[in-house]
Amino acid sequence: MDATIAASLHSSKPAPCNDVGGVPSNGVVSTIQFHSSAPPFSSAEPTLGCHLARRLVQIGVSDVFSVPGDFNLTLLDHLIAEPGLNLIGCCNELKRRLRRRRLCQGSSENLPVICIVGGPNSNDYGTNRILHHTIGLPDFSQELHCFRSVTCYQAVVNNLEDAHELIDAAISTALKESKPVYISISCNLPAIPHPTFSCEPIPFSLSPKLSNQMGLETAVDAAVEFLNKAVKPVIVGGPKLRAAKACDAFVQLADACGYAFAVMPSAKGLVPEAHPHFIGTYWGPVSTAFCAEIVESADAYLFVGPIFNDYSSVGYSLLLKKEKAIIVQPDRVIIGNGPTFGCVLMKDFLIALGKRLKPNATAYENYHRIYVPDGHPLKSEPNQALRVNVLFQHIQKMLSAETAVIAETGDSWFNCQKLKLPKGCRYEFQMQYGSIGWSVGATLGYAQALPDKRVIACIGDGSFQMTVQDVSTMIRCGQKSIIFLINNGGYTIEVEIHDGPYNVIKNWNYTALVDAIHNGEGNCWTTKVSEYSVVGFISFSCLSTNGFGQYF
């Protein structure tokens, strides 16, 4: 109904002051508990707004992105009053990642986004009144219907009796399913106390998911038999590694078995590229050099957390055979054309499998034998037009353990895939939904969630025009990101698919626009580069404040 508030968890940033109880050795189910040391809202009695704010802190949320509106103002007061929360006011409602994203993207990327919206006064339900922030009907459920298709749980809180139950159910569902949820809170309720809201913080707890032990053992037996008889098996990591929290288990398996391993494009950055048996990105005909030859010639491939959509399969052109593949999903294992094992968690399966496989480095030895190191771009002369490969050569030199790369949808997908990530360097790009403009908000959210990382974003002009307002919030929050705006004069990726006049956009003076947003408040530096200049790139690599580059 009204402007939204949203927060999301990310596995890379643990909840502060939380006490996690795992599964004891005797196999008894335990719980995961989240404790908060933050004092409650300074109110004589506990209120709904206080309870919600405290719950967010208990599950590890530190930043809440918001846009104020008349239906959520009182709730915002309670969120501001919570010492463990940092409320970030945004220019519009398109902020996301790590801490927030549009819900359709959060759903497609398996992110636990909690979207909180202000709803109509609880006294207006059932009165046949027509309210603002609606489509002009006395039925207030239209917004709920819109959110149902992109969230895994919806809670409409319009009375205090079940508010505690609905809020906890929504939050726990987001965490368990790693999907977005929707919470609507009537505008007159946040400041009202109720006996169900305790003055003392009550720990939030979740029962952990467990594998079916018999299914796990049977799946591992079948996989061991399948892989140990292979001559040159390989492993390929997919994007669902993140949601399954199995990235470390994947590396443990690679260490144990010695197989050559690659990642799908949407899994780049989830596992260390400095690993000795890493062979690159498997993306069919546009894979990194020599990677596809090794993967597609293998006599067995273990795909862990893959998503085979039209993007990742390059129009379903991958030269793979189902009978050679083991597919491991977050809670299921499929072996070739044979059996499927349900209720088997990915992390448990990978750890158990690593203890049973025979070491086999044949595929990696084949890769090492055919591998030819990358060449270097032709040296550019001063005042020569800047080439993309030269630009990315310099971006490569900027990467370190203290940086993170954000790749916008479009030609930056392909250019950034060629970057070699040093140990500790993070990487994000959004392949499933493929929405242009995603990266500007992603840069904001990522830099806010991981302030120790310097975000380097590669963004096209068409995408930048979609969400440029986010730069204002970046400056306001004192972030130190660097944006390389690659000015193509339109939607270049669309030109490659199907050209037409609709792919041409109005050219902006991007540096002047960002300077106007900056307006002398905070730290920001901009420049335009259209020709090769050694001095220009030295200044980029030495930036200590916000950097913004426009390239032609």
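Yeah, the Cβs are placed from backbone N, Cα and C, and that goes for glycine too.
Owing to the predicted nature of the structure, the values given are computational and were not obtained by experimental measurement.
Annotated in TrEMBL:
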- 48-93: domain 'Thiamine pyrophosphate enzyme N-terminal TPP-binding' (DOMAIN)
- 220-337: domain 'Thiamine pyrophosphate enzyme central' (DOMAIN)
- 427-493: domain 'Thiamine pyrophosphate enzyme TPP-binding' (DOMAIN)
- D461, N488, G490: Mg(2+) binding site (BINDING)
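Computed over the domain 'Thiamine pyrophosphate enzyme central' (220-337), the whole-number mean pLDDT of the model equals 97.
Apart from the site residues D461, N488, G490, the chain places the Cβ of G460, G462, I486, N487, G489, Y491, T492, I505 no farther than 8 Å from the centroid of the site's Cβ atoms, the recorded Mg(2+) location. For the domain 'Thiamine pyrophosphate enzyme central' (220-337), the number of residues in each DSSP class (helix H, G, I; strand E, B; coil) is 39 helix, 25 strand, 54 coil. Applying an 8 A CB threshold to same-chain residues 6+ apart, the list for D461 (Mg(2+) binding site) reads L485, I486, N487, N488, G489, G490, I505, N507, W508, Y510. Counting every protein chain shown, 19 other Cβ atoms lie within 10 Å of the Cβ of N488 (Mg(2+) binding site).
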